[in-house]
Each structure stands twice: as structure tokens, then as C-alpha cells.
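Novice: Structure provided below as C-alpha cells; questions to follow.
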Amino acid sequence: MTVEKPAAGVRTFGGLNILGHLASLGAHPAAVAYSMTTLGAGMMNSIFSFYYVKLFLNKYKISEGAFHQSQVVYMVWNAVNDPLFGYLQDNSHVPCCSQRRLSILYGAPFYAIAFLLAWFPWREYAPGDWMSGVHLMVALCAFDGMLTFVLLAQCALFAEISGHHQSRLRLIKYNQVASLIGSSSVLFCSLHSQNMDDFPSFQGFTVLVAVLACGCMIYTGLHSESRFDTKGSAQRSNYQGSGQSTLSFSLVTSMTLQILTNRDFQLFVLMNFFQVFMVAFCNNFTMIFAEHLIPPNVLPSLAKSFMYGAGFICPQLVVLSSQSLLHSLGYYKIILLTFYVEAGMAAVMLVLGPHHYYILAFFLTANMVLVQAAFSLFNLPLADIIDSDLQRHKRSSPLSSMVFGTNALFTKPAQSLAPMLVVSILNQFGYENLKDAGRDANPSDLEALHTTMFYLVCVVPMCIAALQVFAWKPFSIRSSHTVDTMYIDG
């Protein structure tokens, strides 16, 4: 009996050809391996982005000054680490940086540990304790640093696994299934911890999530492949053989300028900046807005838990159900359409007013779903920009990590700007003093705060969507869904 060897690039684990078994079940091995990192990261990122602002403001009682200082440091680090890691991953001689799967494999345990830093206080914090500010700063920078290192490698894999548009759509499909499962962590966390009221249960749940997420990303590190791993190695050897340093300042400056002068890249970055702002706005404040604007007798805690879970789960369902539209219309028109719908819904909600509680609950959830769903498609235009850069400058391998990293340099600051601006506005209307006052608060002060929250809920999405339409309309790569491949797989 003939025993077939695993195909090149397919690893065996514990004597089993795992990917072969998955393929026999109808799964696509490369897409499964790629999406496991999305599953792990989705579990951690959803919980982190949804809970950290409320945790530090309401439980750790961080002062507004310390909150802003931490966000400023985070904003700078958040912007700098993406192009830094991107350049290292595209040009490093060290395998754990230069090979995408190894970056994920070795980065996964540190990513999981960084995720846990926020949920365990360093001591019993008094209101305004300076230590809570240091804690937030360290937690944000450590988590984002490891998130960047691992997910930049995964983003690069997206562009490098295949150049075929249909293959990329398959990756999007598998990715959304993984994201659907991963984002459900918010729902289960809310139910298990009673919306974080049972804090020890919340902490235990985060430890479980960290362990599961680490295992998922290690699976990607063991089983994923980039088509350019061998090409990249050969290219680096050629550079070394010719005596040229791939890490020279002139080279990185030249490549960065080539990326920055791409008109489509400029338009995408502008549009993406506002999208990142909206994602942070929805993730960080939907829970706070819902608790203040929707009375508990109208929507009890359990119903709100399902509402928060739907905000993370439904975006993946929307993307999965729109596969045929992505094939026929392409991502350009679909993304543009979401901006129009977001602006329209916000305008209708503003006209209706804050006392239509069920409509407001639907709007908060639907807006979060649309923002997250559109954001899930953004790897497609970035992959097309990478392909365009590859062809325009006749490169032997794509600058995938550098393009993703340079994009993040300009868009990641929005993750800090959103909470800083919103917290500043809310505190102008007494949120810092009223957040725990409940029924004992002065009714007129509470009404002013709730009115401000309602206007933020409606006006911010409406204005941001209008700016995004202005930025996205001139984008010129609109027909990649009609082209079989941008370059030949090899």
C-alpha cells in the first residue's frame, strides 16, 4: 500500500496530517489555518475593546487627566509600532520576524499575556490613584504591541496566500466565520459576569479566553504558509550577497515614499481613519450609552447582554450573507453603501428623539453592526493596493507588512482620539460625578448628560459617514472582483 507524503508546506502534528483531514471534510486548509488567528484574536480583542474603558473609568476610577495621559502615550506607541514592525517583518533576517507564520507562532503567548494585564488591578485603587493611570498605560501599550506584531503578520498572509480575488473572498468567508465565533466572547462574558458586575467571574473568563486564543494562534503558526517565504529568503540573500543592507535608512525611506504617493492609498487611509474612529466609538461607549439612555425597566440587563453580543456577532453574519454581492458588485460599492445607510439611520434617530427606547436600542446595535461589517472588508482594498504597488514598482515580493503598517501609522491614532474626545465631552456635563450617582443625581444634571449622550449617538455617525463618502468616492480600484488574478501565484 502506498503512503502519500503530505504536500509541501503541510505540517503533521502528533503524527496526524490535520489539514488533510480538514480538506477531506470539505474545508480549505490554508483558509482554516489563516482564520484560526482571527478566532483567537477576535475573542481577546472584542472583550478588550468593549470593557477596558468602562473598567478603568467606573471600577478603577481613573482620573480624567490620567486617562488622557495614558491615551496620548498609547496613541504615539500605537502609531509608531505598526510601521516599525511592518518594516522589520518585511526586511528582517531573523526567521521569527521575516516568516509570517513564525511571527504568529512565537507572538501568540505574549499576546495572550498582554491581554490579561488590564483585568487584574495592581493594588486596591482609590479614586484618582496615579497607579491606575500607569496600569492603563502599560496595559494599552503591551496589548497593542503584541496585537500589532501578530496581526500584521496575519494581514500580510492575507495578501500573500493567493493573488486570486476568489481565493481572497474565500479567506474573507472563513475569516468571518472565525470572527463570528470569536466575537461571541462578549456575549458569553456579559452573561457569565452579569455585564462585569461579578468581577471575579469576569477575571476567570478572561483567563479562559486567553488560553483558548493562544492555542488558536499557535495552530496558525504551525500550519500557515506564505507564497513568498522562499522568495523573500532568496531576495534577502541576494541583498546580502551584493553587500547591500536591507535595513538601510535610504531604502526604507524610498519604499515608504512609494507607498505614500499612491493616490488610492491616500484615499483609503483617510477613509479608514474615520472608520477606526467609529469602531472605537462604538466598542468603547455603546455599553455606557445604553445603560444611561435606556431605562432598566424597558430593557433589563439580560436583554442588554444579548444586544451587546449582537453588536459583535451580527457583523460577521452580514459579511457572510453578502458573499454573492461581493462577487457581483465588489467591495467598493458595498462599503460606499454602508456609509449612506449609517448617515441615514443617524438622521432618522435624531429626528425621532431619545424617548423611543426600542428604536434607540435597535439603532445602537445596527450602527455597531454596520461599522464592524464594513471594517471587516478593508483587507480587500489594502490587498489590491499591495498588488498595485507590486506591479507598479516591479518588486520581486510584495511589501505587505509595510503597507499595512504605514496605513496603521495614520489610522491607529483614531483609537485613542475617540475615547479621549468622548470622555472629555461627557465630563463637561458631569459624567465623572454622575456615573455612579443613579437615582440620587440631580435630575436636571442627569438630563443634560443624557441629552449630550443622545446627540453624540446620532451626530457623530452622521458626520463621520458624510466625511467617509467624500474620501471614498474617488478611490479608483473598483473592478478587482471582475479580474481572475492580479499576479501569478508562485
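One is the number of the first residue shown, and numbering goes on along the chain from there.
Backbone N, Cα and C atoms are what each Cβ position is placed from, and that goes for glycine too.
Predicted automatically and left uncurated, TrEMBL annotations should be read as such.
In case it's useful when we look at the structure, here is the feature table from TrEMBL:
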- 31-53: transmembrane segment (TRANSMEM)
- 104-122: transmembrane segment (TRANSMEM)
- 134-159: transmembrane segment (TRANSMEM)
- 171-193: transmembrane segment (TRANSMEM)
- 205-222: transmembrane segment (TRANSMEM)
- 273-294: transmembrane segment (TRANSMEM)
- 306-325: transmembrane segment (TRANSMEM)
- 331-352: transmembrane segment (TRANSMEM)
- 359-378: transmembrane segment (TRANSMEM)
- 453-472: transmembrane segment (TRANSMEM)
Novice: Please work out whether the transmembrane segment (306-325) lies in contact with the transmembrane segment (453-472), by counting C-beta pairs under 8 angstroms that are 6 or more apart in sequence and asking whether there are at least 3.
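Specialist: Counting Cβ pairs under 8 Å, fewer than 3, so no.
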Novice: Could you tell me what the rest of the chain brings near the transmembrane segment (134-159), counting residues at least six beyond its ends with Cβ under 8 Å?
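Specialist: Answer is 34, 37-38, 41, 45, 48, 52, 56, 60, 62, 66-67, 69-71, 73-74, 77-78, 81-82, 85-86, 89-90, 100-101, 103-104, 107-108, 110-111, 113-115, 117-118, 121-122, 168, 171, 217, 220, 224, 226, 379, 382-383, 386-387, 398, 400-401, 404-405, 408, 412.
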Novice: Which bits of the chain, at least 6 residues beyond where the transmembrane segment (453-472) starts or stops, bring a Cβ under 8 A of a Cβ in it?
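Specialist: Apart from its flanks, the transmembrane segment (453-472) reaches 267, 270-271, 274-275, 277-278, 281, 285, 288-289, 292-293, 332, 335-336, 339-340, 342-343, 345-347, 349-350, 353-354, 360, 363-364, 367, 371, 422, 425-426.
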Novice: Can you name the far-off residues of the same chain, 6+ from the ends of the transmembrane segment (273-294), with a Cβ under 8 Å from a Cβ of it?
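Specialist: Residues 49-54, 195, 304, 307-308, 311, 354, 357, 360-361, 364, 367-368, 371-372, 374-375, 378, 410-419, 422, 449-450, 453-454, 456-457, 460-461, 464, 467-468, 471 contact the transmembrane segment (273-294) from elsewhere in the chain.
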Novice: Same chain only, please: residues at least 6 beyond the ends of the transmembrane segment (331-352) with a C-beta under 8 Å from a C-beta of the stretch. Say none if there are none.
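Specialist: That would be 322, 325, 359-360, 363, 366-367, 370-371, 373-374, 377, 380-381, 455, 457-459, 461-462, 464-466, 468-469, 472-473, 475, 477-478, 481.
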Novice: Compare 31-53, 171-193, 205-222 by their Cβ pairs under 8 Å to the transmembrane segment (359-378) and return the stretch that comes out on top.
Specialist: 171-193
Novice: Going along the chain, which residues at least six beyond the ends of the transmembrane segment (31-53) come within the CB cut-off of under 8 Å?
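Specialist: For the transmembrane segment (31-53), the far contacts come to 19, 22, 104, 108, 111-112, 115, 118, 136, 139-140, 143, 147, 150-151, 154, 157-158, 161, 170-171, 173-175, 177-179, 181-183, 185-186, 189, 196, 202, 206, 209-210, 212-217, 219-220, 223-224, 279-280, 283-288, 308, 312, 419, 423.
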